[in-house]
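Quick one: the structure is below, and I'll ask about it shortly.
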Amino acid sequence: MALVLHSWKANKNAYKAFIAAEYNGVKIDLSPDFVMGVTNKSPVYLKMNPIGKVPVLETPDGAIFESNAIARYVARLKDSSLFGSSSIDYGHVEQWIDFSTMEIDAHISTILRPRFGYGVFHPAVEEAANAALKRSFAALNSYLASNTFLVGHSVTLADIILTCNLYLGFTYILTKSFTSEFPHVERYFWTLVNQPNFRKIIGEVKQTDAIPPVKTPEEAAAAAKPKPEPKKQEEKPKAAPAAEEEAPKPKAKNPLDLLPPSKMILDEWKRLYSNTKTNFREVAIKGFWDMYDPEGYSLWFCDYKYNDENTVSFVTLNKVSGFLQRMDLARKYAFGKMLVIGSEAPFKVKGLWLFRGQEIPQFVIDECYDMELYEWKKVDISDEAQKERVNQMIEDQEPFEGEALLDAKCFK
């Protein structure tokens, strides 16, 4: 018998098990035709979980309910690193799972219930939940200032459960005005949800722009009331479309695609950069300036605003990798180099970016939150000093500005 998870598909508590399964190489099937409020009240379901909570995992040895217990079971099916590599790691994983449940999920749920019609709204209760959530975020933000993951140097079950709980908040109630106070929590969340195993299960994540209104008891009751099935009507032959019927509108183009054609072919530069192995300055750098079109493209320096926080090398490198991963939406219109500089902490993060157009594309600013973590300065190519700095950054010249180059990453 295969493992079967009884739940609706877009359930953050079901995501925990499915993401753990991806990391562990375990196959879990989602039960077909699950209907919340119907399936979980059936005698068969209540036999697996007497109080009808969702999800339930059906295994060859019996059923398991409670989402954290299900995720733990899946994580232990194979000898993986989801519980760390030592006894203390295991203890820390369990510690953060409890923190995620009691200090994050509980407060988010308190704020959400009245908005979903599952509870009565009490201003004092919500105010207390908001205050508690901010306290928890501040503690988490402080910890993540020097840690990429919750335990060790890779994803564990603690990261999976915390990210799934944060997902509910980010997509419903945690607007940018709330989360911007906690930049390390933001960086952590967006790094995790963009990991391949997370993205495969959750898909693309969008942060909410507004908190949904509280539902009145009448609205909640109306939403919960089953709707009568519409009466079946005899199918009528479809009329031929009217000649003046409006044709479907084409998908809106990216504004950058509407710019005048440029003599610079970005893919040609990327190929030259990738294929040049020797005499880099004579071949690639010279080729770049021969191709560069200052009317169709612009160059930008970026400097990380919070270098004093870059006290751990691998955390700093992961921070840069996450930024480049989130920049993937601009691959068609950009080329970038990011440098991590310094032989000891704090490490400096600097970058050079080539963008289509004369400004940083607005959709990049809107979609990639990392952009606001950097100071951006447009390159003046008439200034020979700035032009030479561009050459150095493309070339990964060491030492850079008198300091050792720890690592260089390219976006192409």
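Counting begins at 1 with the first residue displayed.
In case you wondered, yes, glycine gets a Cβ from its N, Cα and C as well.
Straight out of TrEMBL:
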DOMAIN    1-82  domain 'GST N-terminal'
DOMAIN    86-214  domain 'GST C-terminal'
REGION    213-255  region 'Disordered'
COMPBIAS  226-238  compositional bias 'Basic and acidic residues'
DOMAIN    252-412  domain 'EF-1-gamma C-terminal'
On the DSSP side of things, how many residues of the domain 'GST C-terminal' (86-214) fall into helix, strand and coil, could you say?
90 helix, 0 strand, 39 coil
By DSSP, how many residues in the domain 'GST N-terminal' (1-82) are helix, how many strand, and how many coil?
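Final tally across the stretch: 32 helix, 15 strand, 35 coil.
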The domain 'GST N-terminal' (1-82): mean pLDDT?
93
